[in-house]
């Protein structure tokens, strides 16, 4: 899914003269900060579409040739800096015509509204006039009004690029079935004490490890049919958490993607081939997690438990919880644990996953960590 940044031209990409017509080369001036901001947005995965009202373009008072020269030069300068527009959409009507193709109308948007590859949740409109904001509202996307002397506005290009490209990675997932009601809220870019309430105190304690050692804000609330058993509550919590991770990560641009142990980790156990992920000790126990946000869910568990349950959590549901997270998040996870104390082994698994997550979700730039072009 590709986000689109729809942009006005005059007053947004290039400054608008007093007569509101850029019909000569000497009138061509770029808005401050537009090129570095658009480069940042390009690197964040955005495509660009110009949507502009040009009153009476092609008429005697505004000949097409007078428009084409400065416009083509503008496009060439943008292209020379690595900024290419997917399309340039121009409405030539007069305001009195009330044409559906004239902003804030969305008549020119029909092909885009039919395009299922567009990520509308991240798409936005940038312009200098209130009609640009109304246009955004008609498309049900976010609108940014640039700050200008003529029309007001609250934004500059640097702020817009930061808001869209560096937006906090948050998600709120509500999963309701006849068996459970689960709510998961997380913010991958904010550190906060985790809050969990599932009706299963030991399970709550384990979920807290994910937020605490993963380094992100996590709030999980669950109501389930515990009068039957713990299965539905634990399983559905895993599914909701996995979905929240998937939504918060978005297209995964800029993340580390992988969580694993460095080759020279002091915690590696000689001769034990299971220790190949992020390896964590807990007294006599050692747990290892290696993961990949590949979009292809796969789970491998290597370990066993002697007790039927630890606290109120059946040990058979420990790997089942992690499998549920993988299925809903598109995560490939290898989890290995060795030890004697089952409490330590279960907790070690949760902590190892959390530390591997911390590494994988860390932002390391703006590139997509895949040669396929999508994750």
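Here the Cβ of each residue, glycine as well, is placed from N, Cα and C on the backbone.
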Candidate sharing the Mg(2+) site with 8, 10 (per Swiss-Prot), from 128, 154, 156: 128
Shell of the Mg(2+) site beyond 8, 10, 128, same chain only (C-beta within 8 angstroms of their C-beta centre): 9, 11, 12, 13, 16, 52, 127, 129, 132, 146
8, 10, 128 as recorded positions, winner by CB count within 10 A: 128
Rounded Cα-Cα span from residue 8 (active site, nucleophile) to residue 128 (Mg(2+) binding site), Å: 8
Assigned element (helix, strand, coil) containing residue 10 (Mg(2+) binding site), judged by DSSP: strand
